[in-house]
Every structure is written in structure tokens, then in C-alpha cells.
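Worksheet: one structure, shown below.
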Amino acid sequence: MAKPFSFKVLATDGRARRGIIDMPRGEIRTPAFMPVGTGGTVKTMYMDQVRGVGADIILGNTYHLMLRPGAERVARLGGLHEFARWPHPILTDSGGFQVMSLSKLRKLTEKGVTFRSHIDGAPYEMSPERSIEIQSLLDSDIQMQLDECTALPAELKEIERAMELSLRWAERCKTAFGDQPGKAMFGIVQGGDNAALRVRSAQALSAMGLKGYAVGGLAVGEPQAVMLEMLDITCPELPADKPRYLMGVGTPDDILKSVARGIDMFDCVMPTRAGRHGLAYTRRGKVNLRNARHADDPRPLDEESDCPAARDYSRAYLHHLVRSQEALGAMLLTWNNLSYYQKLMQDIRAAIETQTFEARGAEITEGWARGDIPVL
């Protein structure tokens, strides 16, 4: 019999939590950052590298995998873990966000959403039941409910309609998910930037007795202050003994401030996307390797980093790779960025354990504020 899904809070510092999610395919140390493996790949990285930087779990995208190569094909080939050679936990999103943002001619009803592929225009249907079916075919460990995410700003009536629909879809997803030993389905709190709707959504989802809860519909155009206000309102309404996942977030600063409000899990394309566009994350803040100031600089990105990409290659070489559009440039900078993000999470976890989270957060923020090393 499969080991049951479990979550345990090991330490707290204020509202920040250090915990562990235990699943048959492995443990997830929280707070955790999940590299995004949209189509079964963390772009420009091979899976041993992703594991090597410290990732316990990656994210796969239901929408993209459904379109290509197809969930049924992945299932025939042994599931996403076997297909991608990643034997550790995988979380799949529901596909709803991409349907809303990428697809043309979509039509939303109580039943679900019909849409055309952004690749070839082929028609598809996505219902709560079909979303869970696809995620189960992929054999993901944590599955997300299908929801409707509204971009901000939006009219209050539209935000409320989408939130209520998402709650009804959560019930249907829960039924479709059933009892899958060792796995979990998370509900998604919606409600836009309205405090009352966020509370209603969080309370209704909590009453469903799910194994985890996500906060969705943030970092979609609103100021950071609004996002943090919604977290201040939402997190206390969610069960303290269940993991909390802030979807699609975010910058290192977003992560620090969200952990301080009780968030346990994060995902974002930012470190991988930035790496493909010449931008490096370091303890001194962001470094744009496209800038000419690096052309003759023999120094590494960060001599104190444990990542070879940051420690062993000169800025001049990285600048050359980026400006020449060499694939190795994207590979090295993505390696650096994911290493930085995982080191940030490691520092956060250690600080919570030693009750020094606020002080360590201030040190990290001060490092960003000091900026990059001076030009030679």
C-alpha cells in the first residue's frame, strides 16, 4: 500500500513555516520553490541538474502536455516521471490558466471550457473531470483543481462569478479525483483583489477537507502590495495543518514576503525565462549579461556561489555567449538562476528553524539593494 500524503510543520517563526510534505516518491522540504517543467522539461536543463541544485519537486503543465505529446501517450509510456526521467514528486496545474490566456475562441460554461489549440487550432474541451483525468494519466503526485482565473483589474461581479464557478468546479474535481493513495488534490482560492470574496473562497474550500490549498489569481497585474494584502487575509482562513501554495510567484522579494505570511510552496517561470534572456539572479540582485560593461570582465558572477555556472565562468564569457545567442549561455544562466532560487529557499528554511527569519530576510534584501560589483 502506498505511503499516505502527509504534511507536518516542523518549525515556525512568526507566520513563516518550515515543514515537510511526505509522499511515496519523496519528501518536499518547505518552503519550496518548484522549477517549471511546462512540457515535461525544465527548459535548457537536464533533470539530474534540476535535482542537483536542490529541487525536490517540479511542475508540469496540463494544457501543454495535453496538446503535445498528449496525456494518453504519456500514460502509455509509463507516466510523466518515467517519460521525463524525474522519479521525484511532480505537481501538475489544471490547465485552466493557459486555456484562458493562450487559447483562441474559448467558450466558458458551467460544464467547462471549449477552446482551440494555440498550436494548430484544433478544438478541445476541458471540464473539471477531464482536467483530473489528464493529470491522473500523467500520474502526477499533486493535482490542481480546474479554476477560472480573472486578470486584474476586473469588475467585482466578474470576479465573484469566476470565484463561485471555481468553487463548484472544485467539488467536481474532488469527486473525480476520488481516493488516490499517496497523492493529493489541491483547491485554489480565488476572489481577485476583494477581501470578502477571498475569505468566502478560502472558507468554502477549507470545508471540503482537501489535502492542500493554493492561492491563485495573484501576480496577474496587481501591485505587490495588493497581493500581500490578499495573503494577509487569505492564509489565516486556511487550515494550519495543510500546505499552502502561491501559484505563479515569483520574484525573490515576492517569495520572502509571502513566506512571512505563511506560504509554503511557490512556482514561477521567472528564473528559467530570465536565464534564456541573459539575466542572472545573484545575491547582489539581478545582473544583465547583455550589457557591454561585462565584455572585458574576467570575474565570475559570484565567486562565493556553489554553482559552477556562477563561480567558474567569467562575466566576459557569459556576455559573449548571450550576445552571440549561443545555447550554452541560456543553459549556464538558467543553471545559475535555479541554483540561486534553491539556495534562497534553503536559507529561508534554515532561518525559520533558528528563529532568525526576519533578520536573514533583511540581510538578503540588503544584499540586493547594494547592487552588483563595480565595473572594472
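Including glycine, each Cβ sits where the backbone N, Cα and C put it.
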Stretch carrying region 'RNA binding' according to Swiss-Prot (options 272-276, 282-286, 297-301): 272-276
Which of Q180, Q190, Q203 belongs with D93, S94, G95, G96, F97, D147, G217 in the substrate site listed by Swiss-Prot: Q190
Swiss-Prot annotation (region 'RNA binding') - matching range among 129-135, 248-254, 290-296: 248-254
Under 8 Å by Cβ from D93 (active site, proton acceptor), same chain, sequence gap 6 or more: L59, G60, N61, T62, Y63, M144, M247
For substrate, whose listed binding residues are D93, S94, G95, G96, F97, D147, Q190, G217, the greatest C-alpha pairwise distance in Å: 16
Summary of DSSP states over the region 'RNA binding' (272-276), given as helix, strand and coil counts: 5 helix, 0 strand, 0 coil
Helix, strand or coil at F97 (substrate binding site) [DSSP, three-state]: helix
Inter-residue C-alpha distance, G217 (substrate binding site) and D267 (active site, nucleophile) (nearest angstrom): 14
